[in-house]
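Visitor: The structure's right below; bear with me while I get my questions together.
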Amino acid sequence: MSSLQSRKDEIAAKKAKLAELKRQRELRAKDLSHSRQSIGGPGGNLAEVRNASPLRSGRTTQSREDIDSLISSLVPDRPSSSSGTRTPARSPGKRASGVEQARDGSQPPTTKLYQDAATDTLSFAEFQTVYEIPVESKAEVINYSKGVQTTEVWEDDDHELGFTGRGTSLDRRRREGLSDRERELEEESIRQRLRVEIEEELRALELEDKTVPDKDRFPVRSLQPEELNVVTSSNDFLDFVERSSKVIERALDEEYDLLADYAQLNSLDSVNDADDDYTGRRGRRIKEIASFPLTDQMGTKRMISSLDFSPKFPELLCTAYTKSQTSPHTPPGLLNIWNLHLKGRPEYSLNATSDLLSCLFHPYHPSLILGGTYSGQLCLWDTRSRNQRTGEPVQKTPLTGGRTGHAHPIYSLAVVGTQNASSVVSVSTDGVVCAWSTDMLTQPQEYLELHAPANSSGPGAFKTDDVAPTSISFPASDPTYFLAGTEQGAILPVHRYDRAAAKAGVDARVSYLGHMAPVTALDFHPSRGKVDLGDLFVSAGMDWSVKVWRAKAGAGAGGSQLQGEAVKPLLEIQREDTVYDVRWSPTKPAVFGLVDGGGLLDIYDLLVSTEVPVASATPSQHQNSADTLGFASSGGSGMKSLARLAWEKSQGKVVAVGGLDGVSTVFEVGEELGGLETKAESWVGMRKLVGRLGRAGG
């Protein structure tokens, strides 16, 4: 039986129930009117009864003994069998009415009169006959199936008793007389009956579904061209398509087998370490794992100006590009966020109105990305905003210059502070340092102009030249002090605030002179181990050299430093080409990587060698171009220089490089060059090495 037919049967049963209730109501009304007519008919019996009542006759002084004597004289005259439903205690009004009728000479009250009165009084009990009508309402029983599963005894079973035709009070008394075991058996029988009814309805629904398999509950309607354009151009639809397509592409790009047990294959990885994709000895290998070239739509022949990994999502790589030389219609500044698991296209593609020279993930807000432009603007993008579809920044600094921002190129950015109070520090080549809040970029919180110290001496400092910083770096322990590498080749300590022995600005007491050409990169040691190495920093310059320094403790904090002291480097490594970038490993104390104009990625381990790198690699696209042009892989015009380098911040096992060709290449390093497992001897050995180099240089 289908669900529709069962519903019709249920409605018909309810209609029958309502008709029966109406019929019973009419019968009761007829009986009531008949009884009233028998009492108050044409003979005037009702009036006589009312007049005969002791309450209405005015005989209020009659004693109770007289009433009892009259009643005793009347009761023996009536047969005892005629009052089957009569009660011993009757109302004084009814008794007195019979007495008054006898005195008036009218017909005494007969048995029929008492029977009619009894029928009139007990006729209200006929309401219980309504429940004797069997009504099928299976749906109501199914709705209370959860109540059936409880262990409590039902106190009200009127619905169930209506099916069996028994009275409510009788069945309740019967249940109270049952034992606990009998009650459980009765409840179990109810559950079984409900279970059978539910299964029957489920089977009926399955049969109904099988009979109409091709019936569409929601028929597909073809949209009109105008409606289709509205849907496809809506923001929600575009967000859905973009998000879903990225998920599908990422799943298709993943190289893994769903049926393989990688827990057992881990032992085979160590055997395959000597694969052709790796270069170098075991433990110091370098393997190229990803490459991200630009498409024609983005604009080719862009140069990579900055790289940075996300501190929260290690698979995200931020890449900043300069203006395209072949596509003038594309935005001048381009910033792509690549995903190592999505190699077909960038996760986000953002743009700016000028060439981007620096980019940085906010360390405390992973969805915020900062970028410095050639025009002096500081841009802020938010990947949660709808502007990320158009690529426009959500905030940017003004271009008015003066004390409201920068008017020259911004080559370096840094974020210092804590989770609750952080500042964005930017420096431009005109010697202006600004501190910004990400909540408001219209006005800098701090503004500082750098001037060359008047009493400085040395080949890297000039009294008449302005300070033109190209890179800055903050130590991990002090957000109020940083080093700035300049175009003059000098590395100057800078204080953001006034101190006891030095004012805000360039500290004239100390200068790090060693480079004979502009400084291209500067990086403080991250110092995340048992030994504090936070005073070490490494620098690179266009004089084809890399230098390791030790910052002077308390420079500018007291009078212990000599006036105009020039600090020499601890270690100097000469290269065969210009070094454009150098970065410490975030996990290994003695490891740093660099990229040069020859297109090489070299990784040094100072505990192994202070002169030659322990591992080197070249991007595959550089090798292919060199082979195509017929040049050797070690040199020639086929090689393209690399300009930027970035380490993955959490584990340090991945390093990204990029250069003039606009291609970002990601390498994976071995366990000796990256990873969280670092021996304590490495930190102690690095501290001893710094001590030996300091004594040798002093």
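Start at 1 and count along the chain as shown; that gives each residue its number.
From the backbone N, Cα and C atoms, a Cβ is placed for every residue, glycine too.
Keep in mind that TrEMBL annotations are predicted by a computer and have not been checked by a curator.
Checked TrEMBL, it gives:
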| type | residues | note |
| --- | --- | --- |
| COMPBIAS | 25-34 | compositional bias 'Basic and acidic residues' |
| COMPBIAS | 72-83 | compositional bias 'Low complexity' |
| REGION | 25-111 | region 'Disordered' |
| REPEAT | 512-549 | repeat 'WD' |
Visitor: Could you tell me how many residues in the repeat 'WD' (512-549) are helical, how many are strand and how many are coil under DSSP?
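Guide: Across the repeat 'WD' (512-549), the residues distribute as 0 helix, 19 strand, 19 coil.
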Visitor: When secondary structure is assigned with DSSP, how many helix, strand and coil residues does the compositional bias 'Basic and acidic residues' (25-34) contain?
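Guide: Counting residues per DSSP class in the compositional bias 'Basic and acidic residues' (25-34), I get 10 helix, 0 strand, 0 coil.
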Visitor: Tell me, roughly as an integer, the mean pLDDT over the repeat 'WD' (512-549).
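Guide: Average per-residue pLDDT within the repeat 'WD' (512-549): 88.
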